[in-house]
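Feature annotation from Swiss-Prot assigns L-aspartate binding site to GLU178, ARG224, HIS458, ARG495; the stated evidence is sequence analysis. Under the heading ATP binding site, Swiss-Prot lists ARG224, ASP225, GLU226, GLN233, GLU488, GLY540, LEU541, ASP542, ARG543. Residues or ranges marked as region 'Aspartate' in Swiss-Prot: 202-205. Taken from Swiss-Prot, the feature site 'Important for tRNA non-discrimination' applies to HIS30.
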Amino acid sequence: MRTHYCGELRAEQVGTSVTLYGWVDRRRDHGGVIFVDLRDRTGTVQIVSDPERTPESYHQAEGLRNEYVVKITGRVSGRPAESLNPKLPTGEVEIYADRIEILNAVRRQLPFQVSSADEETVREDLRLRYRYLDLRRDRMNRNLQLRHQVVKAIRRFLEDEEQFIEIETPVLTKSTPEGARDYLVPSRVNPGEWFALPQSPQLFKQLLMVSGFDRYYQIARCFRDEDLRADRQPEFTQLDMEMSFLSQEEIIDLNERLIAHIFKTVKGIELPRPFPRLTYAEAMDRYGSDRPDTRFGLELVDVSDVVADMGFKVFSGAVKSGGKVKILPIPDGNDRISNVRIKPGGDIFKEATEAGAAGLAYIRVRENGEIDTIGAIKDNLSDEQKAEILRRTQAQPGTLLLFGAGSTDIVNKSLDRVRQFLGKELGLIDPEALNLLWVVDFPMVEWNADEKRYEALHHPFTAPNPQDLEDLTTARAQAYDIVLNGLEIGGGSLRIYQRDIQERVFETIGLSHEEAQAKFGFLLEAFDFGTPPHGGIAYGLDRLVMLLTGEESIRDAIAFPKTQQARCLLTEAPADVSDRQLKELYVASTWQPPIKERD
């Protein structure tokens, strides 16, 4: 049987007989002696096969090739001084092989090199198609090991220090669509009826609070049928938590200690506490985003009142229609950003327009401190307005001022996107920085112009601020999101626990009494049986691991992810099923393949 893992061996084991299992990372023949790097999930160790010492093992080593699965028995020896490898944890030792047994060979050409010694860049589609090979590589091995350490740190903190208990909630549940589309599962036993895969354990964890389990957590699988991007997956993992009898401040404090524990345990990083806070209004005003990246400046400045009566209709018209005019100041932007990049066809212009802006206006601050204006802005900006713009933006000579004008939503989205683009483009972001913050005081609801109704900004179970109960359409929510380097890693709230308030919220978002009863009657009924005050939070575990590993894509934090087309390239899921299977489920497909036009 195995005595050690490859990556465990150190100088202390010199003279020890060992049995190792693993994969051939690479094989080298040097002057009649064969060297093999043997790899398992803990690392690699060098195997030596010398024909003068062990002819049999040498003969076996001659037949080894990359990725063969082998069992090796031998003795640990110290490396000669000239062969020490300080880059490897096992670099002080090597194993003189007495016996090599090939457990399995590679019978096809490898689609890419797996060896840790090979830094080959491999196309992502190929990596996902042969994911079992990709997971053998150092990068993905490290990522999944770190993911395991994160989960272990979470469990130890919540259970050992905070008395949480882990409870599993159903995966087959009821469809209550309020956000993304549900993944639906037909019931064979109950024809014509459907389960839904949970978008979160939200309702069940609230019911656990009603049940008296006052500190619950779960590493939960969740499912959302939504458009994908680099940091989203159709199935994902949450750290889900719920607590009774705690205030918002107490929940935030507990979660700061949890996050600090994770970073200390997994990365050895001491996080300063308390984390900074911004209200939703402050975040949107200063950054145009409710998940701002605060590793760099470039804060937005609202000048709507300054240009409201300006003759330039793009600005004044935006303000009169209820929108905004904001400036994104770029220090030293005159030297670093040309006009071509801001005008149609330029990369900065493209960033703004792809976020919905019609374009970008701009002015430059000359070296003498005066504003250099162009076109319609030049003809319509008074000296007083110029002076006020300089005062508010605190623009120094050489500063470029980019304007966004239009609806508040479009201005915020477009300038936020330009800000993020320039933060990277101008090298303003410290890649080692970890900027955590809370965003609080979100609106309870937002207006959906297409459907002509209010929608819950988070979800309809979020408790309104007690001071704002008179009008829920303008109420602040007792909600809190935690943001790391511009990405939301978690979000939560205090929950409604009184039936009358919950029914008012349902009414505010356009649910009739009958609809609310049909969808959430079981929850409303539970509120009649002594529901405690409670609140919670959920973290995107995949996204948190992505940030901790420094990866750009959430797919590199997951063992077997889907593509951005929601496909598994390894198993070729989703796939057709037989007519017999559909018939058993009383399901018929109405989908028809598109008709190809003839040439």
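The backbone N, Cα and C atoms fix where each Cβ goes, glycine too.
On the structure: features taken from Swiss-Prot.
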residue : record                                       : DSSP (3 states)
HIS30   : site 'Important for tRNA non-discrimination' : strand
ARG224  : L-aspartate binding site                     : coil
HIS458  : L-aspartate binding site                     : coil
GLU488  : ATP binding site                             : strand
ARG495  : L-aspartate binding site                     : strand
LEU541  : ATP binding site                             : helix
- line: Of the recorded positions HIS30, ARG224, HIS458, ARG495, the one whose Cα sits nearest to the Cα of LEU541 (ATP binding site) is ARG224
Task: From the recorded positions HIS30, GLU226, ARG543, pick the residue whose C-alpha lies nearest to the C-alpha of HIS458 (L-aspartate binding site).
output: GLU226
Site extent for ATP, whole Å (max Cα pair distance, ARG224, ASP225, GLU226, GLN233, GLU488, GLY540, LEU541, ASP542, ARG543): 19
- request: Specify the count of other C-beta atoms within 10 Å of the C-beta of GLU226 (ATP binding site).
  value: 14
Query: Which residue, out of the recorded positions HIS30, ARG543, shows the minimum number of other Cβ atoms inside 10 Å of its Cβ in this structure?
result: HIS30
- line: Going by C-beta under 8 A and a gap of 6 or more residues, the same-chain neighbours of GLU488 (ATP binding site) are ARG291, ASP481, ILE482, GLY540, ARG543
C-alpha spacing of HIS30 (site 'Important for tRNA non-discrimination') relative to ARG224 (L-aspartate binding site), in angstrom: 55
Message: So if I draw a 10 Å sphere around the Cβ of ARG224 (L-aspartate binding site), how many other Cβ atoms end up inside it?
response: 20
Statement: For the region 'Aspartate' (202-205), the DSSP residue counts stand at 4 helix, 0 strand, 0 coil
Query: Considering the binding-site residues HIS458, ARG495, which residue's Cβ sits among the greatest number of other Cβ atoms within 10 Å?
result: ARG495
